[in-house]
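Okay, structure first, notes after.
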């Protein structure tokens, strides 16, 4: 168990709906049962309810205000974990206002997924600091019991099943995350150098044509010429409405044969999703 550790819940992207407050309070209480003392961001919740399925379309704080709060969390030596509970579209707005020197010196670890791909990869690009691709709200989701067991045993949280589509071994520093959100960084100083890195990709939205367009863009950016390996997570809408074979066909047509490729159904937006360290080394081998 994690004991006497202070943590913060934050929302870099779209705010949560007011109707989700009870869930967040439940999550806070659960983390405190595990020994963490949790601070809640003042920008977690939208001021009004909305019809969006998960997240509100707006945030109660400006990018500058949210960045100032996140900077303060990283500067606080008591805070060891910053759990971003948001997703959506707005996270990249805070990037110009972050104090990267403070983040580099901090012992706090940033946790987030989906749209927080922008924050996670920007932090690595500027500071070399790693983050964790994981949605902490999984602890109160559909697979809460298993997720809680995984969270309390680090080896379970970070160990995932996979199979190789191409090649036999992948080794290197992992970058990436949500494919749509990663591409928001194209043309900015926040897009990391992919040379000899492992690229991880997953997606919540997007059927075949949209996902294909994302792979075209990555190819045109030269990413597939730079990376040493590729890990494919779950592509939720694509798998549900089209097929996994649709993704495999895209990859076969666009990704060079020389690149080893592994795939897993255990990292992404699913309730069963495990965690992945972005900005740290990983080694996978064919069984």
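Cβ from N, Cα, C; glycine included.
Straight from TrEMBL, the features:
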type	residues	note
ACT_SITE	114	active site, nucleophile
ACT_SITE	202	active site, charge relay system
ACT_SITE	269	active site, charge relay system
DOMAIN	9-132	domain 'LD-carboxypeptidase N-terminal'
DOMAIN	171-283	domain 'LD-carboxypeptidase C-terminal'
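Structural mapping of features recorded in TrEMBL.
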{"residue": "114", "record": "active site, nucleophile", "DSSP class": "helix"}
{"residue": "202", "record": "active site, charge relay system", "DSSP class": "strand"}
{"residue": "269", "record": "active site, charge relay system", "DSSP class": "coil"}
Residue 202 (active site, charge relay system) CB neighbourhood, other CB atoms within 10 A: 27
CB contacts for residue 114 (active site, nucleophile) [other CB atoms within 10 A, all chains]: 27
Segment-level pLDDT (mean, integer) for the domain 'LD-carboxypeptidase C-terminal' (171-283): 98
Packing count at residue 269 (active site, charge relay system) (other Cβ atoms within 10 Å of its Cβ): 20
Distance from residue 114 (active site, nucleophile) back to residue 202 (active site, charge relay system), taken between C-alpha atoms, in Å: 9
